[in-house]
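Undergrad: I'd like to ask some things about the structure below.
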Amino acid sequence: MTITRKSHPLMKMINHAFIDLPAPSNISSWWNFGSLLGLCLMIQIASGLFLAMHYTSDTLTAFSSVAHICRDVNYGWLIRYIHANGASLFFVCLYLHIGRGIYYGSYMYKETWNIGIILLFLTMATAFMGYVLPWGQMSFWGATVITNLLSAIPYVGTNLVEWIWGGFSVDKATLTRFFAFHFILPFIIAAMAMVHLLFLHETGSNNPLGIPSNSDKIPFHPYYTTKDLLGIFILLAFFLTFVLFFPDLLGDPDNYSPANPLNTPPHIKPEWYFLFAYAILRSIPNKLGGVIALVLSILILALFPLLHTANQRSMMFRPISQILFWTLVSDLMILTWIGGQPVEPPFIVIGQVASILYFSIILILMPVAGLIENKLIKW
């Protein structure tokens with residue numbers, strides 16, 4: 001008689017995905033971030049659901065409903081801060097996951113990689129709309145500035161912006177629809193994550209060496225279930241410490257003032273996880289050019305499989321590519337810093353140089369480094 005987990009239609013799927021899945025024996029802790037992202041998504045959906053029970057998506061009551069959650073709802077302050085900082089945790093894991101993919105050449109699984117890029121766009125859209133919901137000053141002005149970027153699209157731009165707003169400015173209609181989309185998108189993200197896994201399990205995981213590991217596989221359970229659990233506990237310990245001791249560290253003080261269309265904050269900026277893209281947007285004086293650069297800064301990830309010139313998949317034994325990779329990481333940190341600074345010298349020039357370097361490393365230097373390393377191997 002077959003074991004239930006191998007014969008039952010539903011259990012069989014779970015078994016193939018999480019129990020009897022053949023996994024490479026040498027994948028490091030960098031491969032933990034997939035499961036950690038799943039955990040982040042579950043935390044966000046659960047905390048968001050409880051927040052939605054008390055939140056009202058009306059311009060007159062949105063701000064006070066958030067205050068009500070923090071003051072009057074049992075542990076409402078905790079749920080609110082878990083949700084707000086959970087978004088930051090989500091993006092930390094997301095960026096580390098993407099960085100791992102770039103370093104070890106995981107982008108060569110094109111379908112998995114492209115679904116991942118779609119997931120990134122969906123997550124960014126969800127986070128942006130969620131930031132608008134508390135209806136504070138930065139919520140309102142962030143929504144106004146970012147949606148206004150679409151007006152740079154020739155011919156249809158203005159109509160498109162007014163269509164998204166549901167009027168001639170960011171108002172009640174905008175807030176209501178943003179709440180509706182913010183609620184539904186995480187479930188779409190969850191569905192896309194399943195597709196992401198489906199494509200991954202077609203090929204199997206990559207590994208640090210970037211070579212086929214079919215000759216040396218181990219079952220996912222108990223080895224990697226235990227390893228994932230360790231990662232989950234470490235992450236939760238760090239996360240809860242952060243939420244309970246520094247809940248407002250990453251937030252903007254302006255968002256504790258109710259939205260006022262008549263008073264513009266001195267520095268309008270998004271949350272920290274969008275600052276690198278915001279810096280690239282601001283580094284181009286032309287509005288349409290800036291918007292194109294902003295979209296390309298993320299969409300450029302789709303070019304990685306096409307720009308891979310090296311004979312080796314992973315960067316583990318490619319020193320020149322390693323230097324370029326860590327330069328890219330440093331460059332992104334500089335862009336993140338610049339995105340939070342006012343538009344004045346010397347920040348303007350630093351932002352422009354960092355933006356040029358960002359695109360140069362990915363489009364020119366990395367492919368050239370791959371070709372040089374191919375030659376070095378033959379010497």
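Counting begins at 1 with the first residue displayed.
Keep in mind that glycine also has a Cβ here, set from the backbone N, Cα and C atoms.
In case it helps, Swiss-Prot gives these features for our protein:
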- 33-53: transmembrane segment (TRANSMEM)
- 77-98: transmembrane segment (TRANSMEM)
- His83, His182: heme b b562 binding site (BINDING)
- His97, His196: heme b b566 binding site (BINDING)
- 113-133: transmembrane segment (TRANSMEM)
- 178-198: transmembrane segment (TRANSMEM)
- His201: ubiquinone binding site (BINDING)
- 226-246: transmembrane segment (TRANSMEM)
- 288-308: transmembrane segment (TRANSMEM)
- 320-340: transmembrane segment (TRANSMEM)
- 347-367: transmembrane segment (TRANSMEM)
Undergrad: Going by a 10 angstroms cut-off between Cβ atoms, which of the binding-site residues His97, His201 has the sparsest surroundings?
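TA: With the binding-site residues His97, His201, fewest surrounding Cβ atoms within 10 Å: His201.
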Undergrad: If you count Cβ pairs under 8 Å, which stretch among 77-98, 113-133, 347-367 touches the transmembrane segment (320-340) the most?
TA: 347-367
Undergrad: Check the transmembrane segment (178-198) against the transmembrane segment (347-367) for contact, please; criterion is three or more CB pairs under 8 Å, pairs 6 or more apart in sequence.
TA: no
Undergrad: Of all the binding-site residues given, namely His83, His182, His201, which is spatially nearest to His97 (heme b b566 binding site) at the Cα level?
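TA: If we rank His83, His182, His201 by Cα distance to His97 (heme b b566 binding site), first place goes to His201.
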Undergrad: Report, as numbers and ranges, every residue of the chain located at least six residues beyond the transmembrane segment (77-98) whose Cβ falls under 8 Å of a Cβ in that stretch; write 'none' if there are none.
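TA: Sequence-remote neighbours of the transmembrane segment (77-98) are 30, 33-34, 36-37, 40-41, 43-44, 47-48, 50-51, 66, 69-71, 116, 120, 123, 127, 130, 235, 239, 242-243, 247, 250-251, 271-273, 301.
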Undergrad: Which sequence positions outside the transmembrane segment (113-133), separated from its termini by at least 6 residues, show Cβ-Cβ distances below 8 Å to it?
TA: 48, 55, 57, 62, 66, 87, 90-91, 94, 98, 101, 106-107, 139-140, 142-143, 146, 174-175, 178-179, 181-182, 185-186, 188-189, 192-193, 195-196, 199, 270-271, 273-274, 298-299, 301-302, 304-305
Undergrad: About how far apart, in whole Å, are the alpha carbons (Cα) of His182 (heme b b562 binding site) and His201 (ubiquinone binding site)?
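TA: With the alpha carbons as reference points, the distance is 29 Å.
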Undergrad: Please state whether DSSP places His83 (heme b b562 binding site) in a helix, a strand or coil.
TA: helix
Undergrad: Give me the count of other Cβ atoms within 10 A of the Cβ belonging to His83 (heme b b562 binding site).
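TA: Around the Cβ of His83 (heme b b562 binding site), 21 other Cβ atoms lie within 10 Å.
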Undergrad: Between His196 (heme b b566 binding site) and His83 (heme b b562 binding site), find the distance joining the two CA atoms and give it rounded to the nearest Å.
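TA: Cα-Cα, rounded: 24 Å.
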